[in-house]
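Noted in TrEMBL for the protein shown:
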TRANSMEM  7-28  transmembrane segment
TRANSMEM  40-61  transmembrane segment
TRANSMEM  73-95  transmembrane segment
TRANSMEM  115-132  transmembrane segment
TRANSMEM  144-167  transmembrane segment
TRANSMEM  179-202  transmembrane segment
TRANSMEM  223-247  transmembrane segment
TRANSMEM  305-326  transmembrane segment
TRANSMEM  338-358  transmembrane segment
TRANSMEM  370-392  transmembrane segment
Amino acid sequence: MFAVPMVLSNVFYFSITMVSVMFAGHLGEVELAGSTLANSWATVTGFAFMTGLSGALETLCGQGFGAKMYKMLGIYLQASCIISFFFSIIISVLWSFTEPILVLLHQDPEISRAAAVYMKYLIPGLFAYGFLQNILRFLQTQSIVIPLVVFSVVPLGIHFGIVYSLVNKTSLGYKGAPMAASVSIWISFLLLALYVLFANKFQNTWTGFSLESFRYIIRNSKLALPSAAMVCLEFWAFETLVFLAGLMPNSKITTSLIAICVNTENIAYMITYGLSAAGSTRVSNELGAGNPNRAKHAMTVTLKLSILLALVVVLTLALGHDIWAGFFSDSHSIIKQFAQLTPLLIVSIVIDAIQGVLSGVARGCGWQRLAVLVNLGAFYFIGMPIASVLGFKFKLYVKVRKL
């Protein structure tokens, strides 16, 4: 029961930015390429990093709750939010220079300009996203997950109305898509914040704002930064494919195709991430209780569930790939070529489902540093060189990027 709400809430929150890309993509090929590239750039440099930073609370709040040091959960939450706010400022400055950076990375100038516009209106949402991830971990470590489904599906439903209105009913057009995403992410954060502030169940874990939280910033950072590295290395590997696609012939098509594939894989990953969180919690609890065999059993069960869910996802994708691609673009060429990539995408989704659960087990065992080295070697010293050689040297292009 712990995993299902986490799966649903992760998918709903991730879908906010995805829906904005879908609405922007229907405005034209440049808008599709620009919004998908911007979404990838935002994930690479911002959203993945914020998700990783919040991982420190899985350790601090989890152990604090287990030790019945309930007041410390609120202190740790505030310290983590301060850290997220600090890095949001730095990342916002980086996002302000999106266009020259993308051009420097040899992306198409027209697409880079469209991506820069998209990023400009996504900056406010970055701050809310960091706060949102921290509150999610705060609730998760207390096994409060059912309300997350409600507080994630409501903003998503509201988002459809906001993005449709801004994109199609105002003069904002393309700019309305990222603006709607920022507004909806802030709504998501504020709903959870109000829930924590006024629900009676948090009277022990949230005692109000305190200057004491500044004393724990360094301690929090020592866990947050390695956790962020672990998450970012994996996200960066997938999102780097989008930038490499921009170096290929007919970059508008290749960038859009790879971005759709990456976004599809990200949604599938959000499903297994819920199981990963459940597996991490269960494994750490059993190891802490001195039950390694039960921890292994928990890992095995979680892996089986992850593979089962992945098979459901890939079966749905195999039967409805044209419909899915149509959510992103009206281009017949893009929809047709996405169908050709679907078999490779299916294999990637299944393998990534297994990897996601194993990453959760690694967090539960305290093997974050080892996981960082594994991700670094597998993705960057093996995967990327092979993809680059086959993609450009042997001119297999987009297909090998997914392989």
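In case you wondered, yes, glycine gets a Cβ from its N, Cα and C as well.
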- Query: Other than its close neighbours in sequence, what residues sit by the transmembrane segment (338-358), given a CB gap under 8 Å and a spacing of at least six beyond its ends?
  - Reply: 257, 260-261, 264-265, 268-269, 271-273, 275-276, 279, 299, 302-303, 306-307, 309-311, 313-314, 317-318, 321-322, 324-325, 398-399, 402-403
- Counting Cβ pairs under 8 Å that are 6 or more apart in sequence, does the total for the transmembrane segment (40-61) and the transmembrane segment (223-247) reach three or more? yes
- Item | Cβ contacts the transmembrane segment (115-132)/the transmembrane segment (73-95), at least three under 8 Å, sequence gap 6 or more | yes
- Query: Which stretch, 7-28, 73-95, 179-202, tops the Cβ pairs under 8 Å count with the transmembrane segment (144-167)?
  - Reply: 7-28
- Item | Close approaches to the transmembrane segment (179-202) from elsewhere in its chain (Cβ under 8 angstroms; 6 or more beyond its ends) | 13, 16-17, 19-20, 23, 121-125, 128-129, 131-132, 135-136, 138-139, 144, 147, 151-152, 154-156, 158-159, 162-163, 166-167, 172
